[in-house]
Amino acid sequence: MREWPLSPNDDGAVLAPMASLTDAPFRLVSERFGALWAVGEMVMAGSLLQESVEGWRLLRLHPEERSRVVQLAGADPGEVARAAARVRERVGPRAIDLNMGCPMPKVTARGAGAALMDDPARAARMVAGVREATGLPVSVKLRLGFSRANAVEVARALEQAGAALLRVHGRTAQQRYGGRADWDAVREVARAVRIPVVGTGDVRSVEDYRARRGLGVGAAVARGALGRPWFFAEVRRERVDAAARRAAAREHLSLHLAWYADRGEVWALRAFRGHLKAYLSAAPAEVRARALALERAEEVAEVLGAWVGVGGT
């Protein structure tokens, strides 16, 4: 087993992947504010073997990214291993993250995502196969279970197969994102294995982060970092004033526009709307509505400069 290349026990948080949001520009901005590492968006292994242009586009890494962790999903261990080998050759990641926690029916219906937790032996073969095919450290995203709560059983099987780190969301697949994340259950998983465990779920504030870290596990943040990439500095007790927040939002926009320059400014601005809405969370509703309709970068930058940092956001 190769050890995880970045420490989850350092003072800081991990950026968890979010579809259409944790692209290279957002990962880079988060790293610059101190994210321990950032995981790329989920890509289905089959799409890569079929040479999907969009699939390979999602895996692109920014030259300045430090963590370089990509996430793959699939149902067949051999298929995922073959895709991982291609990813290592073409993309050059530092580590591979396997998604065995996605609860969405369009993924689990294929036997992928959280559905893998119902078959610990197949999940373990997938980890072992990717390790053998790439020689890279392998982390795994889990939930507390799919049809039953069996995260401890699965975690032990994955550790035995060579996983270097586990990231455990404190809900079952049936819960999706409802109810409260059970961090006591996450801690039980951590106590059952010798490899690092990072918990996810309901980390929306610095106070949430410190409470979770107090359980003795690492902590990852997803939506809590949207519109707040400086969250990663704040959990390290670093102060980020309003001017620095405005500068960060505008830098994010600039990186985003450059990253998607081949698709044109209008397309890029529309793809930025999820981030823009989060950055403007403290702005009046009418300001947000007007901003989300803008299709000129200078106007979007002006709105960010006027409203980011207002009201402590």
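Cβ coordinates come from backbone N, Cα and C, glycine included.
Per TrEMBL, the features are as follows:
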type	residues	note
ACT_SITE	CYS102	active site, proton donor
BINDING	PRO17, MET18, ALA19, GLN71, LYS141, HIS169, ALA222, ARG223	FMN binding site
DOMAIN	15-295	domain 'DUS-like FMN-binding'
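Cα spacing between MET18 (FMN binding site) and CYS102 (active site, proton donor): 11 Å, rounded to the nearest whole number.
Per-site Cβ counts within 10 Å over the recorded positions MET18, ALA19, CYS102, ALA222 peak at CYS102. GLN71 (FMN binding site) sits 12 Å from CYS102 (active site, proton donor), counting Cα to Cα. Cα-Cα distance from ALA19 (FMN binding site) to the residue listed as 'active site, proton donor': 11 Å (rounded to the nearest whole number). Fewest other C-beta atoms within 10 angstroms, among the binding-site residues LYS141, HIS169, ARG223, are seen around ARG223. In three-state terms derived from DSSP, LYS141 (FMN binding site) belongs to an extended strand segment. In the three-state DSSP classification, HIS169 (FMN binding site) falls within a strand.
When every Cα pair among PRO17, MET18, ALA19, GLN71, LYS141, HIS169, ALA222, ARG223 is compared, the largest distance found for this FMN site is 18 Å. Counting only same-chain residues at least 6 apart in sequence, those with a Cβ under 8 Å from the Cβ of PRO17 (FMN binding site) are VAL39, GLY40, GLU41, MET42, GLN71, ASP97, LYS141, ALA222.
Note on the domain 'DUS-like FMN-binding' (15-295): mean pLDDT across this stretch is 96. Looking at HIS169 (FMN binding site) and CYS102 (active site, proton donor), their Cα atoms lie 10 Å from each other.
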